[in-house]
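Enquirer: Dropping a structure here in structure tokens format, bear with me for questions.
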Amino acid sequence: MIIPSRPFLQRCLPDFIPLNGTLTVANHTRFRDALDAPRSVAELRQAANGITGLVDAKEWGMKIVEDYAKSWQWILIGLLIAAAVSLTFILLLRFTAGLLLWVTILAVMLLVAYGMWYCSRELSGLGERPGSDVAIMEVGFHTDLQVYLQLRQTWVIFLVFLGGIEASIMLMLIFLRGRVQVAITLLREASKYEATGHIMSSLFYPLITFLLLALFISYWAVTAVLLASSGEAVYKVMAPDITCPYANSTCTPETFNRKSNWSAAARASCEGSRCTFALYGGETPYHRYLFLLQLFNLLACLWLLNFSLALEQCTLAGAFASYYWARRRPRDVPPCPLFSSFSRAVRYHTGSLAFGSLILSVVQLARILLEYLDEKLRGANNVVARFIVCCLKCCFWCLERFIRYMNRNAYIMVAIYGTNFCTSAREAFFLLMRNVVRVAVLDRVTDFLLFLGKLLIAGGVGVLAFFVFDRKLTIFVEVPDLNFYWVPIVTVFLGSYLIAHGFFSVYAMCVDTLFLCFCEDLERNDGSAERPFFMSPGLHQLLGKSSPSR
């Protein structure tokens, strides 16, 4: 609704004026909104109280930016350390895969155990300290994290979380130790085909994907802002008297002062009214379907992002498959296998990659719309509707996971045989079903081992950053004073995990490609002189016995 207002942080707030002990806006306490519903000045005051949170958020954001300006060199050093450790980890997998992975598992368990010991020590140190038994919900939101670290409930949550991680790792090692050993051996075999062996450039291909993702996200953001700010200026009548019949109606500033078509009664009740800017919009079909245009822009963004990831997967799969299917390695491997695979993917497989990416993007858009609908229903008391939305969210989450998994394997088949997406997806699905026991043995276990490697790198660099910025580690250079020391620590941890994920994603793609090539090799050849296997004897001995013979 249009009411007298004042500017604050480039926003219009009601101009509250106390009058004889009563809060008013332009000497009025009752108003009517655009739907002609009555509103009180108390409701306006309650709505305007949110500006306090905006001011706090602005001040908090300025302090965070200041911390980044003071510590960006240290953050960059931490990220470079994470990149160096990730690259060293990948290189060492080729020579000491078994030992390194077992050391990784042990190191993660020790790191989590140290975290549990530290939490229990802090918990016992709080003891019966006054105020430590206050619940986190009672404290509310604070920008100073030290407030939460003085609460016993905070350390109990940390302790339970770390205890769950430790118990999960121990249970997997106890009940799946055989599968873990098989997965470690597969990773050792994969290192012979992977970037560390003969395709070193594949380690740096995620940088191209990162640049494409940044470009497409920037394009989406700019387009969304332009759509949101498009339109014509709409002016409405702001009248001091709520009895004015033209209040909140559309007007034109150039002709408003004439009021030639107003009756005498209207002119009297609308005395002092003004034609004021209200919003950017319009009544054209373009403005009516602006929300649909935003959805289309979001779908295009998801499509481009998924296409970039699909291009990476198909390119890496083609490079690794060209090495696997070479009879005499490395002589029969084409020169520059990564560039050759990228050229084939762009020239021949763009349609397949775009089609698979579109299917995944539509499902992701449906999930976003369901999240939007669930957010709108939070204030409603319709339990049945919220239950249905919750079930749909669960179903679409499962559908997205399935499509993402099948797309990954379909792109591998596209890279190997050059067939279209549907044919490749069908062949990949039935190939996996014919080797479902091997899939069950290797799929989640290898992902879990690689996740532990990423967690170890991110956690190790994060702990190092904690000791540096908390001044518990003496170094030669003075650490700058920060408003929130956790800002660079969290940034280094998340950045280290993303860097490690970029390196390990190449390795994971190599494992998946190697596995599908193995299954296809096992069905096409029998190991005889006429049809010899392309796989190494070690790989055949490893995976050939992981399921009953055909």
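Just so it is clear, glycine is given a Cβ too, placed from its N, Cα and C backbone atoms.
Where the annotation comes from TrEMBL, it is an automatic prediction and has not been curated.
Annotation source TrEMBL lists transmembrane segment at 72-92, 99-117, 155-176, 197-222, 295-325, 411-433, 448-470, 482-509.
So that I understand the layout, could you describe where these features sit and how close they are to other parts?
Expert: For the transmembrane segment (99-117), the list of distant contacts is 89, 92-93, 158-159, 162-163, 165-166, 169-170, 173, 184, 187, 449, 452-453, 455-456, 459-460, 463: same-chain residues at least six beyond its ends, Cβ to Cβ under 8 Å.
Within the chain carrying the transmembrane segment (155-176), a Cβ under 8 angstroms from the stretch's Cβ atoms is held by residues 105, 108-109, 112-113, 115-116, 119-120, 122-123, 126, 149, 445, 448, 452, all 6 or more beyond its ends.
Residues 310, 313-315, 317-318, 321, 325, 341, 344-345, 348-349, 351-353, 355-356, 439, 512-513, 516-517, 519-520, 523 of the same chain lie 6 or more positions beyond the ends of the transmembrane segment (411-433) yet place their CB under 8 Å from a CB of it.
Here the transmembrane segment (448-470) has Cβ contacts under 8 Å with residues 71, 74, 78, 81-82, 85-86, 89, 101, 104-105, 107-108, 111, 169, 172, 180, 183-184, 187, 479, 482, 485, 488-489, 492-494, 496-497, 500-501, 504, 507-508 of the same chain, all six or more residues outside its ends.
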Enquirer: Mind checking which residues reach the transmembrane segment (197-222)? Cβ under 8 Å, same chain, six or more beyond either end.
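Expert: Residues 87, 90, 94, 191, 297-298, 300-301, 304-305, 308-309, 311-312, 315-316, 319-320, 323, 329-330, 333, 337-339, 502-503, 505-506, 510.
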Enquirer: Counting only residues 6+ away from its ends, which parts of the chain sit with a Cβ under 8 Å from the transmembrane segment (295-325)?
Expert: 193-194, 198-199, 202, 205-206, 208-209, 212-213, 216-217, 219-220, 223-224, 227, 333-334, 337-338, 340-342, 344-346, 349, 353-354, 356-358, 360-362, 364-365, 368-369, 407-408, 411-412, 414-416, 506, 509-510, 512-514, 517, 521, 534-535
